[in-house]
Amino acid sequence: MKSLLSAFVATIALIGSANGMTVTKGNGDDWLKKSTKTAVIQLTRAAQTYTPGMNPRSVNPDGTVRLAPPRDWTTGFFPGTLWYGYELSGDKNLAAEAKRFTLALDTIQYVKDTHDLGFMLYCSYGNAYRVTGDKIYLKPLENGAANLYARFNKKVGAIRSWDFGHWQFPVIIDNLMNLEYLYWAGKEFNKPEWFDAAKTHAVTTMKNHFRKDYSSYHVISYDTLSGKVLQRETHQGLTNESAWARGQAWGLYGYTMSYKDTKDKKFIEHAEHIAAFIMNHPAMPADKIPLWDFDVHNRDRSPRDASAAAVIASALLDLSTQVKDGQKYFKFAEDILKTLSSDEYLAKPGENQFFILKHSVGALLYNSEIDTPLNYADYYYLEALKRYAEIKKIDLKTINQS
Ligand code: GLY
């Protein structure tokens, strides 16, 4: 079996890929085979175990699974991970499960009180449409995008994130992750104002969310009469001035995608600055899985955040294909993926409540989801594996049959 795989990988080992990268020869990508096989087993078991509409979100401190209803901000990740699992493996059962878990989220197209519609709808219905081309997925995507656009305020130049809290008009760095949905929907449904709103949001966020070192604040609240910044705070980071790890990851991903969709050079320059902040940070551990906040001081006891690492890996792989000297981004992402694919982070098949990765952090200061699996860590990990395989021109479907 193993020699067959080696022979296969050796024969597909290429001189270089589209962006000039050296491709590993021989069986140097065994970790990739192991991780995708684990993912397929975990996703298959999860889909058999859980009920569509109550999707696995994380693991509670007592070891039981935390399930989330459709309205939860993480609801789109499990169906999205199933779609990626299908693409990576070619396993038709996963495609059927992905469809079943996607269509169970029918009600989320009517949600109006959050910005999280990109996570909720684009990761589920968006992937469903991208993979299958089936038009049954389009109407929910159109309705959701209209609801997202309705949260755009022209005076502020941004989409409102939350309807709760003490802020007048809160915009969080995570909101950049909704822009890919709005850029796509603007083009798909011929609504240029949706596309323009997404671009304006990216410009406003670039101006107000970032510090001189290109780290970002989590929450900015705006005055809706003047459009001016009222507060710069955090909701999930260590302090208002700290660099919450996942927030930095969302920023990197958001500007990489904004460049891809608009081709506006200032976005790719900004993404590269954020990448430099993350990659060169003195608190980045040698294995490249960040602590939950770059500014925590008790480094020995503070948990790592695999979800931030997975988002960073996926974003860097995409960034690596969009700049001339992308090798450094590719290499950093590869290092992250190898660590996440080690026994320390990758679940043993059948364990971990059928999540793929261990050791993420949701909201540490709220004592919520600390050192646990998270469905979005799994989602961005599989997305990154898919991007990695595409860049290296590795056909995982064939590999996984060996
Ligand atoms: N968007 C919420 C989080 O990153 O935890």
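Every residue gets a Cβ built from N, Cα and C, even glycine.
Just so you know, TrEMBL annotations never went through curation; they're auto-generated.
Together with D174, T234, R246, W250, TrEMBL lists one candidate of D116, D134, D300 for binding substrate, that being D116. When the binding-site residues D116, T234, R246 are checked against ligand 1, R246 have a Cβ within less than 6 Å of one of its atoms. According to its DSSP assignment, D174 (substrate binding site) is helical. Just so you know, the Cβ of R246 (substrate binding site) picks up 29 other Cβ atoms within 10 Å once every protein chain is counted.
Counted within 10 Å of its Cβ, the other Cβ atoms near T234 (substrate binding site) come to 20, all protein chains included.
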